[in-house]
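Lifted from Swiss-Prot, the feature list:
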- 1-8: topological domain 'Cytoplasmic' (TOPO_DOM)
- 9-29: transmembrane segment (TRANSMEM)
- 30-64: topological domain 'Lumenal' (TOPO_DOM)
- 36-56: region 'Magnetite interacting component (MIC) binds magnetite' (REGION)
- 65-85: transmembrane segment (TRANSMEM)
- 86-125: topological domain 'Cytoplasmic' (TOPO_DOM)
Amino acid sequence: MSFQLAPYLAKSVPGIGILGGIVGGAAALAKNARLLKDKQITGTEAAIDTGKEAAGAGLATAFSAVAATAVGGGLVVSLGAALIAGVAAKYAWDLGVDFIEKELRHGKSAEATASDEDILREELA
C-alpha cells in the first residue's frame, strides 16, 4: 500500500498545521509566480512572501483545528469556530509580521527616544 500523506498528517494538530502550510504556501507560490513573471516582484521577494504565507496558513490551520475540536457541537458550530479561529490567527500573524518588518526596516537603535510601549501604542492606534 502506498503512503497516504493527508491521512497521516491529519492524525495530529502539528500535522494539520503542516498540511495547511503546504496548501497556503502553494497558493502564495502561485500568486508570486505570476507577479514574478510580470516583473512586479523579485525572486527574493517572492520567496520571502511565500514562506511567510505558508507559515501563517499553517499556524491558522492548526489553531482552527484546535478551536473546532474544543468547541465541539454540530457541523455548523464546528465550521463557525474553525473559520473564526483561522481568521483570527492569520490576522494576528500578519500584524506580527508587519510589525517585525517595520522594526527591521527602521533599524531600532539603542539611542531611540521612543520606548517599546510607545512604538506598540503607535502601531495599534
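Including glycine, each Cβ sits where the backbone N, Cα and C put it.
Model, not experiment: these values are computed from the prediction.
Listed as Cβ neighbours of the topological domain 'Cytoplasmic' (1-8) (distance under 8 Å, sequence separation of 6 or more from its ends, same chain) are residues 15, 19.
Panel annotation: around the region 'Magnetite interacting component (MIC) binds magnetite' (36-56), residues 21-22, 24-25, 27-29, 90, 93-94, 97 of the same chain, lying at least six beyond its termini, place a Cβ under 8 Å from a Cβ of the stretch. Remote same-chain residues near the topological domain 'Cytoplasmic' (86-125) are listed as 52, 55-57, 59-61, 63-64 (criterion: CB distance under 8 Å, separation of at least six residues from the stretch ends).
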